[in-house]
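Feature list (source: Swiss-Prot):
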BINDING   Lys12, Leu13, Ser14, Gly15, Gly55, Arg59, Thr162, Tyr168, Asp171  ATP binding site
BINDING   Gly54, Asp74, Val135, Gly136, Ala137, Pro138, Tyr139, Phe140, Thr141, Thr142  UMP binding site
Amino acid sequence: MALPEMKRVLLKLSGEVLMGEQDYGIDPAFVMELAKEVKAAREQGLQICLVIGGGNIFRGMAGAAQGMERAQADYMGMLATVMNALAMQSALEQLGVHTRVQSAIQMDQVCEPVIRRRAERHLEKDRVVIFAAGVGAPYFTTDSGAALRAAEMNCDALLKGTSVDGVYDSDPKTNPDAKRYDTVGYGKVLADNLKVMDASAVALCRDNDIPIIVFSIREKGNLARVLAGEGVQTVVQN
């Protein structure tokens, strides 16, 4: 599959993948495996930004559904993404990959604030930049945060690593006949409500012509294969 030439990418990981085979929290061994994938991608000469969800620790919408105030629950979810970012930073630096965490909620003792020009300098110095705390405001998902940072950092593509190997016309977990798309347009994703990212994230990528590449991060070596245009994936583009 022909992919756009990529020099800088943003990798979005769902928080759930950090659980490994656990039901909750962070599996340090699996985080290390993910860090090895990121290191291998960086060694291909790519500049890499990362955004990690927080669903393995706390999901704001789930808290709101159980009676919490939505804004308060969303802030808790943002803090969960900072914990995940620090876990990934620790794993990457154990592998010798220099990493910086920037949070949209300022917490100077543990990470930097989001400053675009500073992030640019980090990338130019071959560091991985992990953006945490979403967009820093409630009612926005980490998918929207990933799309925003991809646009802000002029990324050539947004790679979404999940537990499924692409975009399907229905849920492959419940429908064995679900069809996987090799490529699909932003418009169809929005019109058919395909489960790629939330609508605002897809629209932001569409408006800034940022391809979204959906693939399974659980398969060892899959990130490198996807970046080489190999393996199973779905590309969302115009």
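Glycine is treated like the rest: Cβ placed from N, Cα and C.
Positions of Swiss-Prot features highlighted on the structure.
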residue : record           : contacts (Cβ under 8 Å, 6+ apart)
Lys12   : ATP binding site : Leu50, Val51, Ile52, Gly53, Thr142, Asp143, Ala146, Leu158, Leu159, Lys160, Gly161, Met197
Ser14   : ATP binding site : Ile52, Gly53, Gly55, Gly161, Thr162, Ser163
Gly54   : UMP binding site : Gly15, Gly77, Met78, Leu79, Ala80, Thr81, Met83, Asn84, Thr142
Val135  : UMP binding site : Ala104, Ser144, Gly145, Leu148
Ala137  : UMP binding site : Ala104
Tyr139  : UMP binding site : Arg70, Ala71, Asp74
Thr141  : UMP binding site : Gly134, Met197, Asp198, Ser200, Ala201
Asp171  : ATP binding site : Ala178, Lys195
Neighbours of Gly54, Asp74, Val135, Gly136, Ala137, Pro138, Tyr139, Phe140, Thr141, Thr142 excl. site residues, C-beta within 8 Å of centre, UMP | Gly60, Gly77, Met78, Ala133, Gly134, Ser144, Gly145
Site diameter for ATP, Å, by largest Cα distance between Lys12, Leu13, Ser14, Gly15, Gly55, Arg59, Thr162, Tyr168, Asp171 = 24
What does DSSP say about Thr162 (ATP binding site): helix, strand or coil?
-> strand
Once the DSSP letters are reduced so that anything not helix or strand counts as coil, what is Lys12 (ATP binding site)?
-> strand
